[in-house]
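This report refers to the structure that appears directly beneath it.
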Amino acid sequence: MTNDSASRTPSDNTELTEMQRYVTQQRGTEPAFSGKLLHNKRTGVYHCLCCQAPLFYSDSKYDSGCGWPSFDQPVSSEAVRYLEDDSHNMRRIEIRCGQCDAHLGHVFPDGPKTTGERYCVNSASLSFIDDVDGERVDG
């Protein structure tokens, strides 16, 4: 796995927006309640914006009220990787794309009863592909 974050771009070779670059390459966080995919209710799959690896199914998304898209589990155990994050004087678990290492967000142990986990993900790190019409929406 490479750590050359400056060379990563979305799979269609378009440029990352400033916010997408900040989130995925610099471990940033978009402002709460600002993400394009926060209120998305369509059926489909959420992919990594940078490499298009599948990350979360829409049926695992729920409204946690935290201001970022929340999921109770990834599509597979290999979809995301976990790192300890002690930044900002907090102990958290960072989640990154299991394929390209792009920063996604964090996972917390306060999720729904199904898994007990809340994957709190920045919209700017995701692409959504609709199951019905195949439309792709980048966060």
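Quick reminder: no glycine exception, Cβ is built from N, Cα and C everywhere.
According to Swiss-Prot, the active site, nucleophile annotation covers CYS120, on the basis of sequence analysis. Taking Cβ-Cβ distances under 8 Å and a sequence separation of 6 or more, the neighbours of CYS120 (active site, nucleophile) in its chain are SER64, CYS66, TRP68, PRO69, SER70, GLY105, HIS106, VAL107, PHE108. Under the DSSP three-state reduction, CYS120 (active site, nucleophile) is assigned to strand.
Sequence annotations record features per position, and here Swiss-Prot assigns Zn(2+) binding site to CYS48, CYS51, CYS97, CYS100. Long-range Cβ contacts of CYS97 (Zn(2+) binding site) within its own chain (separation 6+, distance under 8 Å): CYS48, CYS50, CYS51, ALA53, LEU55, ALA79, VAL80, ARG81, LEU104, SER125.
What Swiss-Prot lists as domain 'MsrB' is 9-131.
Cβ-based crowding with a 10 Å cutoff singles out CYS48 as the top-ranked of the binding-site residues CYS48, CYS51, CYS100.
Residue counts for the domain 'MsrB' (9-131) under DSSP, split into helix (H, G, I), strand (E, B) and coil, are 18 helix, 40 strand, 65 coil.
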